Structure formats: structure tokens, C-alpha cells
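Enquirer: To start, I am sharing the structure in question, which I have written as C-alpha cells.
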Amino acid sequence: MDDHVFAAISGPISFSAIVLNIVFSFCLLCPPSVQGVNLQQPLKVLLVSMVVFSFLHQTTIMFFVCQVAITPFVYGLYLTLKQLFYFTNVVNLSSVTWLSILYYVNIVPNNGQLFIWIKRHIKNVVYFGLVADRGIVLTAGVLDYVSTLRPEEQPLNSSSSFNITAELSSYRDVFFYLGKICTVIYSFHLLISFGTMTVSWSSTYIYLRRHMKRMEESSSSFSQPQLQSQMRVTVTGLVQAALFFPYCLLIITLVVTHSLPGYNNFDPNDNIQTTVSSLFGLCSSVCLGFSQSVFRQRVVSLLEGVFKQCNNLNG
């Protein structure tokens, strides 16, 4: 993909996602003023994590766009932004995955001893999972960054040229395998996130459908706000998982083929990967806004207040 095409496509997408995340941040920072909206832990931590890292991820993409459209290319800046791009993306996906686990544990009943223990300690489980996950991703990012610092070829003017060549070759092998380890970590992380998200949301949806069918047979009403909220969150979660599938396949394909000879002819500047990531991030933010009442209701309340002020000024 041409750099200018990349800037023209990814720029507006990332800007829209940044605006959405700023609005979501305002909704989370505002004191609870909407009836029925009460965020409890660890849900609030997960939502804050998703909004913050989605904002940072889209901001990183905007830096890529600015570097292409405005500033001259700086290789050191590019490497730093690339690592920030991967880190924020994977951490955001991890938060989405833990959100699906949280809803599954809270909605779907299970009599297994392990499940009961997890449900009883779900807050600590989520916190530990987030910290451990970020540690793994940060380690992978450091390995990937170190793997780019390969030693340069030096002129061989001494009698020890053979030893120098062997030493350089050994160093290159080390950096090469560091990059491979990072690739494996990123790929497995994406696959595990996709699998966990799909299984969690699918199981939750199946349970809610069966529960609603039993209510229909007993002539009960579907109008309970909690049931409607759970179904809305689950459906948007399934939509997000469906969007994640092609995104996951593409990203893994690009990451795996990064070291292949034909890669430079396929996506030399990572423009395809970055564009797809910005689009998926925007879709994920839209799904988050529809699914969570803290965002949806507070945005509606804010718009109503703006319209009311406008009417007062016009009156």
C-alpha cells in the first residue's frame, strides 16, 4: 500500500476512534448521574484499560500517518512507534478478552469447583491476569526491539577477520532467534485471545437464549433491564469476535511472513497491517459504546443537555 493512500485511509479512521475514546473517557470520569448505571470492579478497570490503550493505539497510528504525510522518515522513531503499536494493540485485545471472561463467569451458572472458586475470586483473577499478560507482552516487545539492533558488517583488514566474521554471525543468529521468539509470542497471544473470546461469548449467548426460551414457555416477560443488558453485551461481543477472526488471521499472516523473502513485496512498510488495525480498533470502540450502558446512556444524557442549552439560547 502506498504511503499516501495509507495516510488518507488510516488518518480519518484513527481520528474518529480517538474522538470516541475521548468521549468514553469523559463518561468514565463523570460522577454517576444516570439511574441504573453503577460500575463495579473489575468491570471498571477493564473498561478503563480498553479505553486508555485503544486511545494510545490509535494515537500511535496517527503518529505513523504524520510521519508519512508531514515529517521525514526517522528510523529510530519508527522502531519505537512500532513497539508501542504492538504493545497497545495486544494489551487492548487482552482487556477485551478478560471482559468476555468476566461476563461469562457472572452470567453462566456452573457447579464445578474450579469455576466456583474463580467466580468467588474473579476480581483477583482478573487483576492477576492483566498484570501477567502485560508482563508477557512487554517482554515480547523488548525482545523484538533488541532483535532489530543487529550488528553492522565491519571492514576486515586484520588477520583476525575469520574470528570477527564468526562472532558477527553468532550475534546475528541470536538476534534472529529473538525476533522469532517474539513472533511466536504475539501469534499465540492473538490465537488464545480469539479462542477465549469466541468460546466465552458463544457460551454466554447460548445460555441466555435458552434462559429466554424457558421464560417464554413460562409466559414471563423479557423486559428485565438486566437481561436486556446482558443480551446486548453478549451480541456485541459476538460481533466483535466475528470481526476479530479475519483481523487475527491477517495479523498472524503478516507477522509470520515478516521474515520471509517475499515479505518486502507484500507489505514493506506495514501499511496494510496498520490500516486494518486502525479499522478494527474503530469497530471495537463502536461495539463497546453500544454494549456498555455507562457510555450509551451518558452520551444520550450529554446530548440532551446540549440540546436543552441550545433551545434555551434560541428561546
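In case you wondered, yes, glycine gets a Cβ from its N, Cα and C as well.
Bear in mind that the values here come from a model prediction, so they are computed numbers and not experimental data.
If you look up TrEMBL, you'll see 6-30, 51-78, 84-105, 184-208, 233-256, 276-295 marked as transmembrane segment.
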Enquirer: With the transmembrane segment (51-78) as the reference, find which of 84-105, 184-208, 233-256, 276-295 contributes the most Cβ pairs under 8 Å.
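Expert: Going through each listed stretch, the top one turns out to be 84-105.
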Enquirer: Would you kindly list the residues that approach the transmembrane segment (6-30) from elsewhere in its chain, counting only those six or more residues past its ends and only Cβ-Cβ distances under 8 Å?
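Expert: Apart from its flanks, the transmembrane segment (6-30) reaches 39, 44, 47-48, 51-52, 54-55, 58-59, 61-62, 64-65, 68-69, 269, 271, 274-275, 278-279, 281-282, 285-286, 288-289, 294-295, 298-299, 302.
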Enquirer: Other than its close neighbours in sequence, what residues sit by the transmembrane segment (233-256), given a CB gap under 8 Å and a spacing of at least six beyond its ends?
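Expert: Non-local partners: 93, 96, 99-100, 103, 107, 183, 186-187, 190-191, 193-194, 197-198, 200-202, 204-205, 208, 266-267, 270, 272-273, 276-277, 280, 283-284, 287-288, 290-292.
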Enquirer: Mind checking which residues reach the transmembrane segment (276-295)? Cβ under 8 Å, same chain, six or more beyond either end.
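Expert: Answer is 10, 13-14, 16-17, 20-21, 23-24, 27-28, 34, 36-37, 39, 47, 50-51, 54, 57-58, 61, 85, 89, 92, 96, 229, 232-233, 236-237, 239-240, 243-244, 247, 250-251.
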